[in-house]
Structures are given as structure tokens and as C-alpha cells.
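Asks: Got a structure here, written out as C-alpha cells. Questions coming.
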């Protein structure tokens, strides 16, 4: 049955306009993005099918072009649309961060870092560079691959901090396993970087680990 034949109060778009996006299920939100279904399936039916195929919204959003377009109803145009929407969301978060102190809104900072790194399939190490008022200047990925004390070079981190004229920074890396518990190597790396950056008067405010669920703050865990 076409969504157009549904009662207005049950249609996803009308529900969003009346109640807000937060009131909709994942399938309803995805149906609005899809706009149309396929033969024998409404947009909502198709959305439910896709969420089942991808085992949830996260895997669907993180899928590469080949995996995404292998599903009925999803083509390159939809993939491009989705990437554009997600990038606009990331930029909106970054713009909001630049207006406020990172210390005053740590939850927003962690959500931003999660949005930047959660889709990465391999380990990535990055820095969020801040000015002397703890406002975000820029986010930069510095290393890809195995993230440990022997692979991440303090000299390069110091060099990028100096290039941005940063007063402080927040270290960040992801755990593709989804488990955010810091390893001994994570703790040792944080100590090395903190000591190296202290020599050029750049303060390390936190080290955030991104995985499944909420990002982990090493400061809040008492590990820095």
C-alpha cells in the first residue's frame, strides 16, 4: 500500500512536521530520505527491509558505495545525497563548537569527534586544535593504521600544533572493535604526547576514544 493512501496522521513526513524528527523511528526517518518505495513495498517497508539487511542504521550510514548500491532501491544518487547530508551535519557541529569553549560543552565535543571518526574502518589518530579561549580552530587526522606509542610520532603532533598556533588540543582516536577501554599503549602514548607538547606550551586537555556507544574521556576516567 502506498504511503499516500495512509491516514495523514500516520505518514512519516506529516508526523515529522507535526511532532518533530525525534518522534520518528529509524525506519520512518529513512523512508522520508528514500521518498519512494519499490514494486510491492512502500518507502517505510523498504526502509525496514534495508535496516534489517544492514543490521541497523549505523551500518547503513557507514556503508561504502559498493555495499550501499548492492541493495534494491539504493543507487549512486542516494549514496551521494546521504554523504552530503552527513557532511552538512558534521559541519554544523563544527561551526557550533567554534563559537563556544570546548571545556564548557564536553558532550558536544565528544559527539563531534564521534561523528568524525565512527565510520572509519581502521584505526585513526586525530587532534582537535583549540585557541587560547578553548574554542575549536580545526580538526585534523594525523595518522592512520596501528595507533600506539611507536607509530604516532610526537614530533609530528607538535609540528601540527605549532602550525595551527594552537594553545591547547584534544587528542582523539578510534577503536574499530567498538570497545573504548583504553589499552596500556593508549595510556603510554597520551603521556608521551602530553610531555612533548608541554615543552612548546601546548596543553593536552583530554584524549577521547571513539567506539560503539558513548566516546570515552581519559580525563574523566582519571587516566591523565
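Please read every residue number as a count from 1 along the shown chain.
Backbone N, Cα and C define each Cβ position, glycine as well.
Source: prediction; values computed, not measured.
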Asks: Pick from 159-172, 173-186, 187-200: which stretch is listed in Swiss-Prot under motif 'JAMM motif'?
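Replies: So the range that Swiss-Prot calls motif 'JAMM motif' is 173-186.
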Asks: Mind telling me which of the binding-site residues 173, 175 has the densest Cβ neighbourhood, counting other Cβ atoms within 10 Å?
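Replies: Neighbour-count leader: 173.
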Asks: With DSSP as the reference, give the number of residues of the motif 'JAMM motif' (173-186) in helix, strand and coil.
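Replies: So the counts come to 3 helix, 2 strand, 9 coil.
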